[in-house]
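Under the heading ATP binding site, Swiss-Prot lists ALA12, TYR13, SER14, GLY15, GLY16, LEU17, ASP18, THR19, SER20, GLY120, citing sequence analysis as support. Look at Swiss-Prot and you will find TYR90, SER95, ASN126, ARG130, SER179, SER188, GLU264, TYR276 tagged as L-citrulline binding site, backed by sequence analysis. Per Swiss-Prot, the feature L-aspartate binding site maps to THR122, ASN126, ASP127.
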Amino acid sequence: METKNKKKVVLAYSGGLDTSVILKWLEETYGYEVIAACVNVGQTEDFAAIKKKALATGASKAYIVDVTEEFITDYIFPTLKAGAVYEDDYLLGTSFARPLISKKLVEIAEKEGAVAIAHGATGKGNDQVRFEATIKALNPNLKIIAPWRTWDLKSREDCIDYAVQHGIPIPVTKKDIYSRDENIWHISHEGGNLENPWNEHDDTIYKLSVSPEKSPDTPTYVELEFYKGIPVAVDGVKYEPIDMLTTLNKLGGAHGVGIIDIVENRLVGMKSRGVYETPGGTLLFAAHKALEKLTLDRDTTSFKKGISVKYAQLVYDGLWHTPLKDALDQFVNSTQEFVTGQVKLKLYKGNCTAVASASPFSLYNEDFVTFGEDHVYNQQDAEGFINLFALPLTIRALMLEEKLQGEAKEKKII
């Protein structure tokens, strides 16, 4: 194929239905030289097969970029330290992968001299915003092509028909129509019968987990160790980031931990439903939260809760590269200085419970809280504290009493 004088476009390529169709569509519609880029963030894929398929479908080049460790250290761990959870449930597995993927697409586009980046996110979803916000933040001169917003294919069924017509092999059929996103942190399931919120999801969709009902009848205990908010060891064994998360995924998944079925508010204004499996991440969040309870004071804990909510919203909305996000990271990092220690978790039938914790920087002091005889806390001191603490209440009560007495006297005079 002659590509010498063609403009180049970098396509975020997964080898799945949408991007396989988009690759061929870009050639037909724009006449671009298509460079496929598959970013490995820990998903279980045959990357050699993906590269082969991209080239066979018409790509002039196919990049396979493994950024799994960078994903964990630079994206997952900061979000973990922030305690960021979207709408109380979602651990942001898809959300924080998009800025890193977009960053790599920009790097490849700049290296190849491409004029555009294309992606397979739909016009109804959050990912289009996450991809494009990052691309605009890193290189505003690159054109962005989002076929789902412009082409005549209106459904995944249409894409299947297009693929069949063009001889593109695809991994789904009209009977298996779930849309999935996977990385080392989680896997999500959307679409199909999940679009009706009255339909209970079937546990046959699970990829990382067993259902809680089918998990072992005896609990498993696991001990996690943290250093300044970062997990460093499992059951006393030091792990590199990838091996650690792989180990925790197996542990949590075996007990049905980390499965959620939620209806969430998308950035674009609609609600969507998804089933998410985040076994290892659920363990890390539970342990980190327990350790913070041991090491952070009350005011910091309270204030950080608000920061966590805002942080989660920024990540969910794709605003990773913003001044506010950078500022929040500085605050979060300052809170993690003493979040060091161990937490023991109990895994049982889908539940993950922190049952023990210890830290050299613990603010929990048994000498002060004991119900037995103690020699460090003078309980008589509490009286003066309570008098001052409740002084506003006392003053208000005296004012009301005086006012009521005055009104009573006026009534007698009348």
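Including glycine, each Cβ sits where the backbone N, Cα and C put it.
Distance between Cα atoms for ASN126 (L-citrulline binding site) and SER20 (ATP binding site): 21 Å, as a whole number. Cα distances from SER14 (ATP binding site) to the binding-site residues TYR90, THR122, TYR276 are smallest for THR122. The binding-site residues listed here (SER95, SER179, SER188) include SER95 as those with a Cα within 10 A of the Cα of ASP127 (L-aspartate binding site).
Cβ crowding, taken as the number of other Cβ atoms within 10 Å, peaks at ASP18 among the binding-site residues ASP18, GLU264.
One way to see the shell of the ATP site is to take the Cβ centroid of ALA12, TYR13, SER14, GLY15, GLY16, LEU17, ASP18, THR19, SER20, GLY120; the remaining same-chain residues with a Cβ within 8 Å of it are VAL21, ILE22, LEU23.
Counting every protein chain shown, the Cβ of THR122 (L-aspartate binding site) has 17 other Cβ atoms within 10 Å.
Surrounding the centroid of the Cβ atoms of THR122, ASN126, ASP127, where the record places L-aspartate, the chain contributes additional residues within 8 Å, namely ALA121, LYS124, GLY125, GLN128, VAL129, ARG130, ARG266, VAL268. Remark: SER95 (L-citrulline binding site) has TYR86, ASN126, ARG130, VAL315, TYR316, GLY318 as non-local neighbours, by Cβ distance under 8 Å and separation of at least 6 in sequence.
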